Structure formats: structure tokens, C-alpha cells
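Report on one structure; see the data block that follows.
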Amino acid sequence: MIPADDYPVTELTKALIARPSVTPLDEGCQTLMAERLSAIGFNIEPMVFEDTTNMWARRGNEGPVFCFAGHTDVVPTGDVSRWHTPPFVPTIIDGYLYGRGAADMKGSLAAMVIATERFVAKHPDHNGSIAFLITSDEEGPFINGTTRVIDTLEARNEKITWALVGEPSSTLKLGDVVKNGRRGSLTGNLIVKGIQGHVAYPHLADNPIHKAAPFLAELSQMHWDNGNEFFPPTSFQIANINGGTGASNVIPGALDVMFNFRYSTEVTAEILIERVEALLKAHELGYDISWIFNGLPFLTGDGPLLDATRIAIRQVTGYETDPQTTGGTSDGRFIAPTGAKVLELGPVNATIHKVNECVKVDDLEQLALCYEVILEQLLC
């Protein structure tokens, strides 16, 4: 029996972690993956946009197209002195592999490659096509990554049928949760206008903080929707608020407020914008506002992809998975609008973005097995 430390998926994960690919850097991770995929018949298409390295790899010319999607970039390490081991020196301690990106998401990338190698060895004449969509711009501004690759594919009418994103979806144990959808995300940047002046002469000024306070209080208490069986109710949160010069004797001339909606399929971004701007007008505020669309909500219901994933997790782990739509956004939001069915399955997310990020070594092998079974269910 192969020791867990020597699993092929463990070795590949370690090789990826050793490349310090802090967003938007790739540091050769995609080249390493491409070499493995090219050896089993994949056509490799690098797509570099500005500072971002992307890869579209495909084996086969027919549909349906099953796509593994993920990212090679990682978040910064934070205070290195707080790490038990150097963050880019992959180290196994008590059955856990430590290193930045171990769980988010170099372990998933390695599992995808290993699963595909095994699947192709067993089924060289599989149905349809297998693809990889990999970017180095998921943890950053997500401008030149997956969204640009999707634009390229759409322009030539190259469609993805099913996409499996390797984001760390699991909560307590591998596969206990999969993400079969995500809420939409909409950010508002609001400037409430006033007139700067001396605090001793308020009649000669117009305090935007005083003017905006009742509006913000009402906005924060508004009911947006009730959610549904798949999504919680839409949430509104103020993320940043700034006004004033820092002096105690100056009434500010403007108030800057940044806020975010995480919204369900019960509303649209257009409805949210309309309601916010109607409230601004009702409070008779002078303002400028700009909106950033971070992603539409999407949902993958019962069907081949979710069914195959349920079967794989049950077969490999012995328990049932729980499909959820909670949490933040992922690059799945750029793939779903094309009509693809999108699902997220990856390691336990307890340590992602933290110091001492780690993944259970045995989970990496189980994840590779899950991915392999999913391929068998969909392409055999």
C-alpha cells in the first residue's frame, strides 16, 4: 500500500505549493499542469491577458464537454512568523499538508490532474471532451482571468456542458458540502454631497453625514426578499464609510459609503438599484453613485452533474453530500451564464486564507477518487 505521503496527488500538490504564485502570479504552476495533460492527449492553449496567465486545455473535439475549473493564484501569506512552517515549503505534519494554497486550491488542481490521468488510462476512448480552465486571477480583481477566457470561448462558440470548480466547498469533512449555486453580488459606491464648513457655523455648511444618517438607517433595515428553498434572503451590508478631514472643527463636504448586496434569485440587480436610488431621492439627497456587478446568482439543480457528484461522494466516502448556495462568490459565476451547469467540490475550507493553511493528506486522495468517479459517470 502506498503511504499517504507518497500519493501521486500529494506529490503534485507539494510541487504546486512550492511555486509562490501570489495573485496574479502563476510561477509555472500551469506549465507543470500542462506538461502532465499534454502527455495524455490534451491540446494546450495558453491565454495571457495583461498580467494574468490562463490556460484552456481540451482533450476531444465532441460534446458534451466536462470542464475542471480552478485557479493557481493564492492570497498573500500574511505574517510569515506566525506560520509553523514556511508557507511555500510544503510540509506534512501529523497527516496534514501545510502550505499556502494547500486547500485553496492547489490540492484540488492536483486531484483534477491525477483523476484525469487515471480516467484516460482506463477510458482512452471516452465520450465527449474533458477540459481544464485555469487562471491566475481568481484571488485578485478577476478582470483578466476566467471571464476573459469565457469571452474567448463564447466568441468561437465553444461551449462547456458541465463545469466542476475545485473551490474548497467542504465544511467538516471532505464532500460533506458541495456548492450547487451562488448568490449574486452587487457593490454600490455612494458619494453623498454636502458643503464643507466650520462646525461653529453650521448654517453656512451642509453636513452630509447628518443628511445621510436617516437614509442609511432606513436602507439597512429594508426587507429585500424572503429567499427561497435554494437561497437565503438577500443581505445588505455597509462595508466602508468615510467622511471628514480628520479635524474636529470641520464639517465634511462629502460622505463616501461602500455597500454590498448578496442577492438571491428572487430579485435582480436592476430591482436592487431601482429601490436604492428611489430611497435616495425620497430623502432628497444630493449624490453620485456607481455600481459594480460582481456576478449573477446561479443554481444547478438535479441533473447529470449533481447526480454524478452525489454518487461519487457516496461511493468514495460512504456518506451523502449536502448541496448549498451559501458563502462567497467563485469563478463559477462567469461560467454559469453561458448555460453550463456548475458545481463546486473541494477540500475542507477551515484554514483557507489563514496562516498555517493545510489540508488532510488522505482527503487529497479521496478528492481525486471523487473526481474520477464523476468523470466515469458523465463520460462513460
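The first residue you see is number 1, and the count goes up from there.
Cβ coordinates are placed from backbone N, Cα and C, and glycine is handled just like the others.
Site annotation (Swiss-Prot, ligand Zn(2+) 2) includes Asp104, His353; from Glu62, Glu139, Glu154, the additional listed residue is Glu139.
His71 is the residue from His71, His126, His198 that Swiss-Prot records in the Zn(2+) 1 site together with Asp104, Glu167. In sequence order, Thr23, His71, Asp73, Val74, Val75 are the residues of the chain that are 6 or more apart from Glu139 (Zn(2+) 2 binding site) and have a CB within less than 8 Å of its CB.
It is 12 Å from the Cα atom of Glu167 (Zn(2+) 1 binding site) to that of His353 (Zn(2+) 2 binding site). Its own atom aside, the Cβ of His71 (Zn(2+) 1 binding site) has 33 Cβ atoms within 10 angstroms in the protein chains shown. Its Cβ taken as reference, Asp73 (active site) is surrounded by 25 other Cβ atoms within 10 Å in the chains shown.
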